[in-house]
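**Q** Dropping a structure here in structure tokens format, bear with me for questions.
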Amino acid sequence: MSSPVVTRFAPSPTGFLHIGGARTALFNWLYARRFGGRMLLRIEDTDRERSTQGAIDAILDGMRWLGLDWDGEVIYQFARAERHREVAESLLASGNAYHCYASAEELAQMRETARAEGRAPRYDGRWRDRDPSEAPEGVKPVIRLRAPSEGETVVEDAVQGRVTWANRDLDDLVLLRSDGTPTYMLAVVVDDHDMGVTQVIRGDDHLTNAARQSQIYRALGWDVPAMAHIPLIHGADGAKLSKRHGALGVEEYRDRGYLPAALRNYLVRLGWSHGDQEVFSTEEMIAAFDLKAIGRSAARFDFTKLESLNGLYIRGSADSVLVDAIDAILPARGPERGLPTALTPDLREKLVSAMPGLKERAKTLVELLDSAYYLYAPRPLALDAKAEALLAGDAPERLRALLPALEALPDWNAATTEAAVRQFADSQGVKLGQVAQPLRAALTGRATSPPVFDVLAVLGRDEALARLRDRLPA
């Protein structure tokens, strides 16, 4: 009987959860859920100078926002250093590792010689078979793996296929530094083994690490987990992903108004495909996810596609859900718009009422918030240039003439206000747009908005009439 599937996401807390890390987490999560397994979360915080609590918090918050839950407690690699040392000592005792006393100067000379000879730098194994009695006094050694020097190391990768390295090109890597701290290579192997990881899914920049880690596994007599090294993400221009392309923290996507479901959907299609299907519910993703369907070429990040997909998710979301999502980004986006960091009950009610008309065009929650400007703008409304143009000439006098027809309405809703405005336009012998366009400008301060009669209904009688009076000449 095969072992239950266990995957892991293992970020280093030296910065935010970037988009590549988020996709790796998603792929691990989907694979575990697809096979009824577990996804574990390990924080690789052994770089004490660069690891920060703020980065750890950002990673955890980013994963929660994306809806990627992990199983069990978060595992911190640094806290397991004693276990890593114990394993290094066991390799020493079994003869699969040895003490190396090479000085920094000797190692630098090895690198210099390799460069001069046009080959990759590698440790030359000078302490591999030397008698420990030759060790220089007062020098603390490192512990190196006694790696195989002949033959090949092979990784059967679910994405990259069969990958082979000549062992002569893989030197005896350091397992334990002279100060007793474990290296990344050792810590990853020990942690993955102790956590019961059966499937490693990570970026293909770790492919060479897979060969070295396989050697450590075999030296310990442990099973090597299955491997899948996924292609990196590039910008739309094919260059390595940078901040200008979208290499931002997940929290930045949240604050820019992307929905977590839309970002999940976009990320799953970066490098993975299922026929020509573009839109996936979470359940569909889980059911369809297959490592064999991941391509080897770098995926290209395209903001236009992400925005289009986000707009699709906005249009398909319940109005109250969108208002809650807007509320969540107000701490980041509210103050610059003169809004509080949380919705008032009155504004929440107006947003829910206006949402059917607002969400049809918006591609992000920020666009949605800006298109709702008329709901929260203080009076008298600041007009944009196009609105000013619509309210020039005889437009104010036309609005003055319209006002009594609106004031006389016994019931105030989209249908009654539309009927009144249409009747007024007919009585004046003008087209509806000649009334509706300046009316929209006066009510919203903009030339574009949701349907103007919906705007009248959402604002309510008192606010709508007050805004019209603001635009009448004295």
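Cβ from N, Cα, C; glycine included.
Remember, predicted model here, so these are calculated numbers, not experimental data.
According to Swiss-Prot, the motif ''HIGH' region' annotation covers 11-21. The feature compositional bias 'Basic and acidic residues' is assigned by Swiss-Prot to 113-133. What Swiss-Prot lists as region 'Disordered' is 113-136. Per Swiss-Prot, motif ''KMSKS' region' is recorded for 240-244. Here Swiss-Prot flags Lys243 as ATP binding site, drawing on sequence analysis.
Situate these features within the shown structure.
**A** Long-range neighbours of the motif ''HIGH' region' (11-21) within the same chain, counting only residues 6 or more positions beyond its ends whose Cβ lies under 8 Å from a Cβ of the stretch, are 43-45, 47, 50-53, 55-56, 58-59, 62-63, 203, 232-233, 241, 246-253, 267, 301.
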**Q** In the motif ''HIGH' region' (11-21), how many residues does DSSP assign to helix, to strand and to coil?
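**A** Per DSSP, the residues of the motif ''HIGH' region' (11-21) fall into 3 helix, 1 strand, 7 coil.
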**Q** Tell me the residue counts in helix, strand and coil for the compositional bias 'Basic and acidic residues' (113-133), as DSSP assigns them.
**A** 6 helix, 0 strand, 15 coil
**Q** Between 0 and 100, where does the mean pLDDT of the motif ''KMSKS' region' (240-244) sit?
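**A** A mean pLDDT of 71 is what the model gives the motif ''KMSKS' region' (240-244).
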